[in-house]
Each structure stands twice: as C-alpha cells, then as structure tokens.
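First comes the structure, then the notes that go with it.
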Amino acid sequence: MTVVIGFEGSANKIGVGIIRDGQVLSNPRRTYITPPGQGFLPGETAKHHRSVILTVLQEALDEAGLKAADIDCVAYTKGPGMGAPLVTVAIVARTVAQLWGKPLLGVNHCIGHIEMGRLITNSQNPTVLYVSGGNTQVIAYSERRYRIFGETIDIAVGNCLDRFARVIKISNDPSPGYNIEQMAKKGTKYIELPYTVKGMDVSFSGILSYIEDAAHKLLSTSQCTPEDLCFSLQETVFAMLVEITERAMAHCGSQEVLIVGGVGCNLRLQEMMGVMCKERGARLFATDESFCIDNGAMIAQAGWEMFRSGHVTELSDSWITQRYRTDEVEVTWRD
C-alpha cells in the first residue's frame, strides 16, 4: 500500500492531507480570513500559513494514526497560485521530505482538484469544469494531457464573485462566495448584466466593472436590494459557465460532467449544470466543500497517482511557479 502526504497552500487555505490507496486518512486545514471589504495579500497570507502549518501537519498525522516512517512520498503544490504562500508550503514540504528521507513530488494544483474529484465521485472520463478564485477552465482528458477547451480570458469566476463581495461589504467568513450564494437565495429581481462568452472562452472583468458601478446607483436609489444583485450576478456568470461546458461536451461526445474547485460547492451552479445534463441525458458529478475547496488530500491524491507511475521531483527542481498550466503536465497514470 502506498501512503502519500500532500501539502496545499496556494491561496488563503492551508491544508495537509494523507491518502492511502484511494482512502482519505486525514485532511485538516485552516483558512486565512480578512475583514469585510478586503482581500488577502500574498505576504500576510504566507505569514498566516507559516504560523499554523506545523500544527496542521501534526493534526494530519494524528488523525491518520501514522508516523513519519509510514509515509512513502511527500507531495506539495508546485503551482499555480500566489507566490509567497506557495513558497512557504514548498519549504516545509522540502524540509519534511529531507528529515524523513522520503521522495518529494511537485503537483499541479489544478490536476489535484481533478484527481480528487474523480476519486470521490467515481466519474470515469468527465468533461471537467474547474472554477475557483484563481482559475476558470473547461477541461477534458485526451492523449496523456488534460486539455483546456475553454477558459477565462481575464479574471476567474471566483475572483469576480469575491471582488463584488468587497464592493457591498459582504463578510469573508467562511468565504465571500458562500455568503453571496446565501444572499442570492433571497433575491427576487433579476438585474440584466453583460453576458460575455467568446467562442469557448468567457470574460468576467467587464461584468464586474459594470456591477461595481451599477451597485452604488441601484442600491442608493432603492431600485434593488443587495440580495437581488447577488442573485443576478450568480445567474449570469453561471449561465455562461454552463454554456461553454455544454459546448465542450458536444465536441468531446462526453456524457459526464465533473465540477471541481471552490466555486463548485455552489448548489445553484450544480442545479443549473444538472438541468443541462438532464436535457443531454448526461450525468453530473460534484463534491461538497470538504473536497471542492483547496485541501491537502487532493494534492496527496494527485501525488499518489504520479508517484505510482514513476514521477519524483529532485530537490534541485523543487521550485514553485505562479503560472503552471493544467495542460503542461504529462498524465502518465491514465490510459
């Protein structure tokens, strides 16, 4: 049996997870939460990660009932993500691997999400919608690569939602996206917003600029409520995502959709995608917040797959990169 420990810390979540042959043994994490109206800066996020990472590591080992000797490989997020937090996690992973005398493995964050989603849902060969604060991609596997069929041409959908939350001072606890989702359930009036799909790609920066400007005018004149704006923004951006996912499915002849990434927890997105899948006679797969949101187990699972197929990262190559495309990785563990 192969046991892999994974370290994740590419954004405001810090997590350590342990996987043994497809079984999640432990997966503790912490979140760096800032006051309403503020985002999280790389330096301050890294400082948070440094303050808790050893505690989270010990929790992971204790929860799994394992010791250092039981671990076969140490996996960490190589990228993409925010520079300072990535460096913090990579340094700890390097140190642990050397102290324990274990092989090291740098993992692509996006592939971590995909492999965790495949493990948890048992989906076979899905079209993947990967939606988070830093990434928005429609992906399908072909010829030893996760190919990107469509993506955002500017900001990620999660970043669009997070930045709108700052405009109307929505709390960041537990996350701005979750709080927008709850407020959207109370929205009753749809405000028309720009709908920007360009072929297989999407754009969110114009929508954000428009709603930032419109929010102050509409709210100050009582033409709508904050809940109406949350509802309208969600409906618009999610419709765009469903459209490009359906187009990718048609192109690939796929009958499965897997939603991964932090925004993938959103039940309204899952509901809208479910309607499309039902109309096509396809199946929808999604996970809950324990695996959708950044976590250490997903890095451990991708690391497990990679390690078993012969991948190892030499210490001299164990750097991080803020830009690391999903399709840069050769997928040697799938047919």
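Backbone N, Cα and C define each Cβ position, glycine as well.
Curation plays no part in TrEMBL annotations; they are all automatic predictions.
Straight from TrEMBL, the features:
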| type | residues | note |
| --- | --- | --- |
| BINDING | His109, His113, Tyr130, Asp294 | divalent metal cation binding site |
| BINDING | Tyr130, Val131, Ser132, Gly133, Gly134, Asp162, Gly177, Glu181, Asn266 | substrate binding site |
| DOMAIN | 29-300 | domain 'Gcp-like' |
Please report the distance from the Cα of Tyr130 (divalent metal cation binding site) to the Cα of Asn266 (substrate binding site), rounded to the nearest angstrom.
13
Argmin Cα dist to Gly177 (substrate binding site) over the binding-site residues His109, His113, Asp294 returns Asp294
Using C-alpha atoms, which one of the binding-site residues Ser132, Gly134, Asn266 comes nearest to His113 (divalent metal cation binding site)?
Ser132
Could you check the binding-site residues Gly134, Gly177 and say which one's CB has the fewest neighbouring CB atoms inside 10 Å?
Gly134
Cβ within 8 angstroms of the Cβ centroid of His109, His113, Tyr130, Asp294: which residues besides those meet this for the divalent metal cation site?
Ser10, Cys110, Gly112, Ile114, Ser132, Asn135, Val260, Gly261, Gly262, Met298
Might you list, by sequence position, any residue in that chain lying six or more from His109 (divalent metal cation binding site) with a Cβ less than 8 Å away from its Cβ?
Glu8, Ser10, Thr77, Lys78, Gly79, Pro80, Gly81, Asp294, Ile299, Tyr324
